[in-house]
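Trainee: Below you'll find the structure I mean.
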Amino acid sequence: MTQWDLKTVLSLPQYPGEFLHPVVYACTAVMLLCLLASVITYILHQSAIRISRKGRHALLNFCFHAALTFTVFAGGINRTQHPILCQAVGIALHYSTLSTMLWIGVTARNIYKQVTKKALPCPGADQPPYPKQPLLRFYLISGGVPFIICGVTAATNIRNYGTEDEDVAYCWMAWEPSLGAFYGPAAFIALVTCVYFLCTYVQLRRHPERRYELRERTEEQQRLAVPESGHRHGVRPGTPPTCDALAASQLQNEHSFKAQLRAAAFTLFLFTATWTFGALAVSQGHFLDMIFSCLYGAFCVTLGLFVLIHHCAKREDVWQCWWSCCPSRGDTSTTKPGAHPTLDANGDALGHTACLQDSPCPGKLRGFGHPPASHCKMTNLQAAQGHVSCLSPATPCCAKMHCEQLMEEEAAHIHMAEEDVYPHDPHLHDPHLHRCLKGRTKSHYFSRHQAAAAEREYAYHIPSSLDGSPHSSRSESPTSSLEGPMGMHTLACCAQADPFPMVSQPEGGDTSPGLYGCPPHLSPGPAHLEMLRRTQSLPFGGPSQNGLLQGDVREGLPFGTDGTGNIRTGPWKNETTV
């Protein structure tokens, strides 16, 4: 290839020409694909992604207007042969550019308002909740102001748009009208946005405790939280409740305020730089146009990838939405017949051990693998082992839809002879019990850790008796008890207190099942029996889970012993010699 051929490939004919540099089209297409993927994700999974309503509308409108700006630029900036089309291109570029910058300013304003927002009132306080403000004002500002500016400019003189003379090779505005109609408003918008950024940064430096965006509880959740605060362990009667921000609200956005601030500032910089290099690419000479076209392509791809990575790839809730749409990433317990199920402290199989999407764990943050220390419904042995298993607010559907069937199965199994069926107990693998506990699919980088945790839990939860025999703990335990009127389905659908308090309850925990909407009581009857939870015994010679030495069995067991040294375990006495 000769030197002349190389120049022909890398550069374009003298302006005016029909096409721009090839890198402009390629990089614009990549950016459009990234923005399109982000928009589709946030539209289809808007209820599953933890982002505020204002933030979602601002992001979607920014992506739409940015895509419109660069699409019109790449497709029509050099269409000078058609005057009417050239004027339409100039009007569209004028409107979309101002609207995109205004939506970035709206994002900066929302971040500042959230940082400077007053602390949320405690549950049960007499203060009225914050009124929900409509989003129409944002659309009137971000869409109405550019529309008015473009309308006034075009109504004054339509020739302000298009080509000013024959020597101009691009479709834009005349120089003098553009100073007051575009460059002045754009500079003012950028200045106000930077002021919002600076004020937000100062507030975050003054108040480092303000890290995440919170949302208020609904009225129903606040009513449920008021009686819950009076039944917490470790709180003396008459003590005023503490106002915990995370207890009164849930996380509204997975990203912190600092991450949102950095993302908005970097987005404004990338958009401004991309627009500037694009303008220089079509207005400069024969050699500089290639340099600025490459710079435009680099910043254009960076803008699209940054939006996709920050708003989608760096969010665990978005990853879970993506994997849920993939049919090959279904539930591993159903696709792999030889895989061992994850067992809880009672030996029951669980679909997922992590908190669900709408779980009542306000301190649970997506993307972090450390479970919160409180506010979660945990059984005693799960609290000791550090495993958190939260139930979904949709738990009452299990009791409502499958109550009749579970009561029939319970009545059928109560009269069966006791036998050692662990771990092939039909209650452990009942699909009706696990349907309401089914959680969202974990992201791909948690799969290996979850598999390893499942192996360890499967090996740990093999029941054993006090003498070390793995057969006596299940076969010698009572199958049912008349301790309470609740049905057996409450063990799978509701969080109840352990009838064998071998482990002290976690501080701040709540054993009331009313938080999840479970019925407080059922009509007593002979069919409403409650299955006793299976317990695990610890070997002698070491401290038990309640802090007592295993050498003194009488002190550590929840039931007393008779004179012969046998253990009384409840309504029926299982004679187990110590």
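Every residue gets a Cβ built from N, Cα and C, even glycine.
These came from Swiss-Prot, pasted as-is:
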| type | residues | note |
| --- | --- | --- |
| TOPO_DOM | 1-22 | topological domain 'Extracellular' |
| TRANSMEM | 23-43 | transmembrane segment |
| TRANSMEM | 57-77 | transmembrane segment |
| TOPO_DOM | 78-87 | topological domain 'Extracellular' |
| TRANSMEM | 88-108 | transmembrane segment |
| TRANSMEM | 138-158 | transmembrane segment |
| TOPO_DOM | 159-178 | topological domain 'Extracellular' |
| TRANSMEM | 179-199 | transmembrane segment |
| REGION | 216-236 | region 'Disordered' |
| TRANSMEM | 263-283 | transmembrane segment |
| TOPO_DOM | 284-289 | topological domain 'Extracellular' |
| TRANSMEM | 290-310 | transmembrane segment |
| REGION | 463-486 | region 'Disordered' |
| COMPBIAS | 469-481 | compositional bias 'Low complexity' |
| COMPBIAS | 537-548 | compositional bias 'Polar residues' |
| REGION | 537-578 | region 'Disordered' |
Trainee: For the topological domain 'Extracellular' (284-289), what does DSSP give as the number of helix, strand and coil residues?
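Mentor: Per-class counts: 2 helix, 0 strand, 4 coil.
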Trainee: Go through the chain and flag residues at least 6 beyond the ends of the transmembrane segment (88-108) whose CB is under 8 A from any CB in it; none is fine as an answer.
Mentor: 54-55, 58-59, 61-62, 65-66, 68-69, 72-73, 76-77, 79, 138, 141-143, 145-147, 149-150, 153-154, 161-162, 171-173, 181-182, 185-186, 189-190, 192-193, 196-197, 200, 264, 267-268, 271, 275
Trainee: Quickly jot the same-chain residues contacting the transmembrane segment (179-199) by Cβ under 8 Å, restricted to those at least six beyond its ends, or write none.
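Mentor: Non-local partners: 94, 97-98, 101-102, 104-105, 108-109, 111-112, 145, 149-150, 152-153, 160, 173, 261, 264-265, 268, 272.
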Trainee: Are there residues at least 6 beyond the ends of the topological domain 'Extracellular' (159-178) whose Cβ is under 8 Å from a Cβ of it, and what are they?
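Mentor: For the topological domain 'Extracellular' (159-178), the far contacts come to 15-17, 76-80, 83, 85-87, 89-91, 93-94, 153, 282-283.
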Trainee: Mean pLDDT across the topological domain 'Extracellular' (284-289), rounded to an integer, is what?
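Mentor: Summing pLDDT over the topological domain 'Extracellular' (284-289) and dividing by its length gives 85.
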Trainee: When secondary structure is assigned with DSSP, how many helix, strand and coil residues does the topological domain 'Extracellular' (159-178) contain?
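Mentor: Counting residues per DSSP class in the topological domain 'Extracellular' (159-178), I get 6 helix, 4 strand, 10 coil.
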Trainee: Helix, strand, coil residue numbers for the topological domain 'Extracellular' (78-87) per DSSP?
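Mentor: Summed over the topological domain 'Extracellular' (78-87), the classes give 5 helix, 0 strand, 5 coil.
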